[in-house]
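These come from TrEMBL:
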{"type": "SIGNAL", "residues": "1-21", "note": "signal peptide"}
{"type": "DOMAIN", "residues": "26-106", "note": "domain 'Inhibitor I9'"}
{"type": "DOMAIN", "residues": "132-585", "note": "domain 'Peptidase S8/S53'"}
{"type": "ACT_SITE", "residues": "D141", "note": "active site, charge relay system"}
{"type": "ACT_SITE", "residues": "H216", "note": "active site, charge relay system"}
{"type": "DOMAIN", "residues": "389-458", "note": "domain 'PA'"}
{"type": "ACT_SITE", "residues": "S546", "note": "active site, charge relay system"}
{"type": "DOMAIN", "residues": "661-763", "note": "domain 'Subtilisin-like protease fibronectin type-III'"}
Amino acid sequence: MGEKFQHILFTIFLCFLSSHAQNLQTYIVQLHPEGLSRSSFTSRFHWHLSLLEKTVSSEDDLSSRFMYSYSSAIEGFAAQLSPLEAEALKKSQQVLAVRPDRRLEIQTTYSYKFLGLSPTREGGAWMKSRFGRGAIIGVLDTGIWPESSSFDDRGMDPIPRKWKGFCQEGRDFSTSNCNRKIIGARYFSKGHRVASLVSSPSTLVEYVSARDSHGHGTHTASTAGGAPVPMANVLGYGAGEARGMAPGAHIAVYKVCWYSGCYSSDILAAIDAAIQDGVDVLSLSLGGFPVPLYEDIIAIGSFRAMQHGISVICAAGNNGPIQNSVANEAPWITTVGASTLDRRFPAVVRLGNWKFLYGESMYPGIGSPAAEKELGIVYFEGGNKGSGFCLRGSLPVVKVKGKLVVCDRGINGRAEKGQIVKEAGGAGMILANTELNLEEDSVDVHVLPATLIGSEESYQLKSYINLTRSPKARIFFGGTVIGKSRAPAVAQFSSRGPSFSDPSILKPDMIAPGVNIIAAWPQNLGPSALPEDPRRVNFTVMSGTSMACPHVSGLAALIHSAHQKWTPAAIKSALITTADITDHQGKPIMDGDKPASLFSIGGGHVNPERAIDPGLVYDIQPNEHLIHLCFLGYSRSDIFSITHKNVSCHEILHKNKGFSLNYPSFSVIFRPGAIRKMFKRRVTNVGSANSIYSLEVTAPEGVSMRVKPRRLIFKQPNQTLSYKVWFISKKRMNMESTRFSQGYLTWVNHRSISSTVRSPIAVTWDTRK
Ligand SMILES: *[C@@H]1O[C@H](CO)[C@@H](O)[C@H](O)[C@H]1NC(C)=O
Ligand SMILES: *[C@@H]1O[C@H](CO)[C@@H](O)[C@H](O)[C@H]1NC(C)=O
Ligand SMILES: *[C@@H]1O[C@H](CO)[C@@H](O)[C@H](O)[C@H]1NC(C)=O
Ligand SMILES: *[C@@H]1O[C@H](CO)[C@@H](O)[C@H](O)[C@H]1NC(C)=O
């Protein structure tokens, strides 16, 4: 949470500064989609410019105010405006909405970790999809390090003929940095530059090009579509072959995230470009806190992308375990939470009293006596300069020298704390989780011997320090251990549902590996991502829903390659209905010490081997989303700005009584007086002719269910059949009773082991009036 706290501070700081700098800030102006044809302008650009011209006082140089012209993701433009000018523009007939630029973030925890490799998925799915050949994954992130072996194009197919994108030159990036793996690379920085002009004249080195100076984009792109690289490792840890999820897929890079964050004006420009360029999948490991869909530029841009048949895959956010924190939750987006792998990097603390505290770390000094020596411990609890958190300049050098320093998690980055302890003369560090982090154990490649312990262990450590005259401890590094622990489990930080803006859709949709993921890394950055870190690596470890998202982007590319005609909704359905709800021991997926709720795992943990051949899919046509938005109670103008369709919800609601979006999961909400809910669903046979499915139901506690029919007999491939399901609440609703319950509705084809089509059911009793 500390890491988040810092984000908030930073955001407030930016707002404060920008309000002082001549009052100009970036606004995204959305126009009527038919405005151009109705106007007398021959080019979109001139039309957009003319609208700006009418608004801005004449002394100003228009071209410096104008930022982007959008045509595919929305019709409109981005410009620097004063609040008064923005108000004036809103009044124009041609203007649908004027939205201030919004700062979003990449979805990784702030310290950068080393990791083992991405899990390899051998077998049928890769064969059937030809490793994702022909598919194009667009990655919106911090750019790419093109020289990484993960982006080698040996054995790659030629660039698909439909591709219209290009390789944009810039600082240390030329067209020769693109190849048959990286087929496009562009950067979008105008929104970022406007915002950072007012915040700080940046002294940070940043490539004004698609080259990655941060590492995050290289990591995510290689997770989605990286080529196989033998003998990858992070300073000896997690050694093995690194592979992206779709090693045969092409990658298109859209750099939208810079040191100051990722601005919605830049993101929208990238989505706009990606639609025109011809990507098949868009991977967005970025986001913010949930906002209504009509305020959400990612939701709006991805609606248009979805209409073009592009699967948009987004990180759910790192604001867990807080309820309602899931972001990027539009029903046309695939929203991915994070889970753990069964790989551990034990680094156990032995206290002076011979009590052992379990911790994890990737510090590479295994076996070196300096790294594994008993040392005195110091902890500056409640220090007034933030010394408990080991903030820069807070540690008293005299007391720290040669000691193991305890640092609480929060506020500054984990790896940065290690650097600060090292600079103060400390010999080692124990990072202590607080109650906010519980036992979550994202590892780092620290610059000094260090380990991370859970909150339970932290309590024991601090009690020992309190009660001991000269406390001591020693860290034992245990290398890489695979298969000993239960996995997957939900990552503590993974954002949770129910969805804030649309509780009628279960979000997140699924979970995928997002803790301690090893993937490619810029060759001029240390594995901790700290500027002071002189070590050089080709791979490092990171954690976050940012890492989970590109796993699913790669899998979506595989499914797209295997089934070229499938819609984004069908691809998402395949991923949700085939996901695993048990861990590798066959027991329920855990979230901390409790079985995970559907609001943390959605359909469950992705299972590529099954998703490639799901048997049945729940498909959705783009227009069905209109009806759904009417059911959400959105206004005509809000719906118009998302969908560009002018609808009368009054009529639609009248014509579509009992409508529900054909989503592959169910979110049932009972309110006082409404204890019976009916849902209609359609399933399309994507398996063989003459497939017979029978029903299996696990009714949620407190609910009885009725389904009609109970058998689905498909004569043809591609045949669609419907069913209805009724949910009847058996509970008396009062403020004290449990508010949630969950179950499953599953169609099983007994003749084919792989065809089990499972829909999760989340039930909420909403006692609010
Ligand atoms: C350690 O002692 C301090 C001050 O006496 C107290 O506030 C704190 O709660 C103690 N911590 C533990 C873990 O016992
Ligand atoms: C990183 O990869 C390059 C080849 O791309 C290789 O020459 C170099 O030795 C590798 N570095 C490490 C630390 O493995
Ligand atoms: C939508 O249709 C209504 C009624 O037909 C009309 O009054 C309104 O101007 C239209 N709105 C837009 C944005 O086209
Ligand atoms: C399946 O049916 C839909 C409409 O019923 C049609 O558009 C589509 O082309 C069909 N797909 C195949 C593979 O036959």
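Backbone N, Cα and C define each Cβ position, glycine as well.
Across the domain 'Subtilisin-like protease fibronectin type-III' (661-763), DSSP helix (H, G, I), strand (E, B) and coil residues number 0 helix, 62 strand, 41 coil. The local packing around S546 (active site, charge relay system), expressed as other Cβ atoms within 10 Å of its Cβ over all shown chains, amounts to 31. When averaged over the domain 'Peptidase S8/S53' (132-585), pLDDT in the model lands at 91. Counting every protein chain shown, 25 other Cβ atoms lie within 10 Å of the Cβ of H216 (active site, charge relay system).
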